[in-house]
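Undergrad: Pulled these features from TrEMBL for this protein:
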{"type": "ACT_SITE", "residues": "Cys240", "note": "active site, glycyl thioester intermediate"}
{"type": "ACT_SITE", "residues": "Cys414", "note": "active site, cysteine persulfide intermediate"}
{"type": "BINDING", "residues": "Gly92, Asp113, Ser120, Asn121, Leu122, His123, Arg124, Lys137, Asp181, Asn182", "note": "ATP binding site"}
{"type": "BINDING", "residues": "Cys223, Cys226, Cys299, Cys302", "note": "Zn(2+) binding site"}
{"type": "COILED", "residues": "12-39", "note": "coiled coil"}
{"type": "DISULFID", "residues": "Cys318-Cys326", "note": "disulfide bond"}
{"type": "DOMAIN", "residues": "349-459", "note": "domain 'Rhodanese'"}
Amino acid sequence: MAQEVCSLKARLEEKEKEIVDLKNKLAQLEKSHASVLELQDKVTPLSPLTAKPALSNEDIMRYSRQLLLPELGVKGQLNLSGASVLIVGCGGLGCPLAQYLAAAGVGRLGLLDYDEVELSNLHRQVLHGEENQGQAKALSAARAVKRLNSTVECIPYHLQLSPENALQLIQQYDIVADCSDNVPTRYLVNDACVLSGKPLVSASALRMEGQQLTVYNYCGGPCYRCLYPLPPPPETVTNCSDGGVLGVAVPGIMGCFQALEVLKIASGQGCILYQQLLMFDAQGFRFRPIRLRPKQADCAVCGESPSVTQLIDYEAFCGSAATDKCRKLNLLSKDQRITVQDYKSVVDNSGLHILLDVRPLVEVNICHLPFSLNIPLSSLEQRKSEDIQLLQQRIVQLKQQMAGDCQPPVYVICKLGNDSQKAVQVLEKMSGSELDSITVKDVCGGLMAWAMKIDPRFPQY
Ligand SMILES: [Zn+2]
């Protein structure tokens, strides 16, 4: 009997010890899991990151195929483990970039994005899934990256990079990758990298620059401002057509190239092919390396006597907003515009008018209002004779229907209400000379406002 009691007590003690061990293990796991999922809404100091002293057996197995590369080797792999990279933008470029950096074993990734995942992102932003819609992109990307390689430390930042936080953030990383798609952010990231002495690997899909990849501020090379001292006029970067993009063709390929350049720098391969810019023509499938103009002695930020010695107001400098979303132009007076609600009552009261849709034909093919006449803004600007004739014919018809010598009303619509304002200005110049006199008004907010406020069945894109 006594023996049995002793034995049971011993077993109980053993089990209790096991429970304590399990609890500790669980707490540790929960802690490491929580640190992954902790979405940062501000910049906080990070603990220093050091390279691993040696590769574990698991590391050797995981990275074996790239360890065999003489350019990388064990030394390069250990360098990667001690490298930190800040990715500005977790969209079309940032997704493939983050994926390959994590897979290759970069020690720490900062993933920054102010936006949330939308259905229309998924065709090119391949780290996000259907179930992530509405989630912060930074968090969605961090979770996907962790699934791929749990040994990579991920810090998701759900915030907008600004002159107030950029230096503090960028100083904490070794390399910065610009995956943003707006001009003010590109100048902000550039200046912060120059001021903190960090290499900037920049891929761009901006129309004015084409699709290109460049490493700035590295190995004595130029910075972004050396190449583009002045921002482009805001009208050239603000319109309603986002421009089509095939996920793989531009962001997919450029994001992968960006990953390659980041890995070369992070693994310590030194200055290999810098001061070059790689242009990519997706349509003709051509890559063209272009020698970069060298660092400019009179550059405002990296030159010999810089005028920019701290971060400035980049939205004011560029005259445009630091988001990838369409900025709203305000070119017209109030009486030159009509709300979608007021336009709806014109339609409901069978008011005679012309609805002129000034979007490009590809967009009209996606969706349009059945009674609209399509003449793209570009045709109006170029005064394409057949289009102008068509419009003139419609104006004459309308005048006959109205049976009076009035100025027939023409309402101009586009996707979001920027291009339509430009079209109103063009048409007002033509009214009474190239065309019969008309009264032109812009439909505020365009078809997307129509879809949101008037007809929820109208597709949004
Ligand atoms: Zn410069």
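Each Cβ is built from the backbone N, Cα and C atoms, and glycine gets one as well.
Keep in mind that what you see is a predicted model, and the values were worked out from it rather than measured.
Each of these features: where is it, how hidden is it, and who are its neighbours?
TA: Every protein chain considered, the tally of other Cβ atoms within 10 Å of the Cβ of Cys414 (active site, cysteine persulfide intermediate) stands at 28.
Mapped onto three states, the DSSP output places Asp181 (ATP binding site) in coil.
Annotation for Cys223 (Zn(2+) binding site): spatial neighbours Asn190, Cys193, Val194, Leu200, Tyr216, Asn217, Lys295, Cys299, Val301, Cys302, criterion Cβ-Cβ under 8 Å with sequence separation of six or more. Cys223 (Zn(2+) binding site) falls within neither a helix nor a strand when secondary structure is assigned with DSSP, and so counts as coil.
DSSP assigns Cys318 (disulfide bond) to a helix. Applying an 8 A CB threshold to same-chain residues 6+ apart, the list for Cys318 (disulfide bond) reads Val183, Pro184, Tyr187, Pro231, Pro234.
Summed and averaged per residue, pLDDT over the domain 'Rhodanese' (349-459) gives 93.
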Undergrad: Do any of the recorded positions Ser120, Arg124, Asp181, Cys223, Cys318 touch ligand 1, in the sense that the CB is under 6 Å from one of its atoms?
TA: Cys223
Undergrad: Given a separation of at least six residues and a C-beta threshold under 8 Å, show me what packs close to Leu122 (ATP binding site) in the same chain.
TA: His128, Gly129, Glu130
Undergrad: Take the C-alpha atoms of Ser120 (ATP binding site) and Cys414 (active site, cysteine persulfide intermediate) and report the distance between them in angstrom, rounded.
TA: 19
Undergrad: Rounded to a whole number, how many Å is the Cα of Asp181 (ATP binding site) away from the Cα of Cys226 (Zn(2+) binding site)?
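TA: With distance taken Cα to Cα, Cys226 (Zn(2+) binding site) is 19 Å from Asp181 (ATP binding site).
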Undergrad: What whole-number Å value do you get for the CA-CA distance of Arg124 (ATP binding site) and Cys226 (Zn(2+) binding site)?
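TA: Rounded to the nearest whole number, the Cα-Cα distance is 31 Å.
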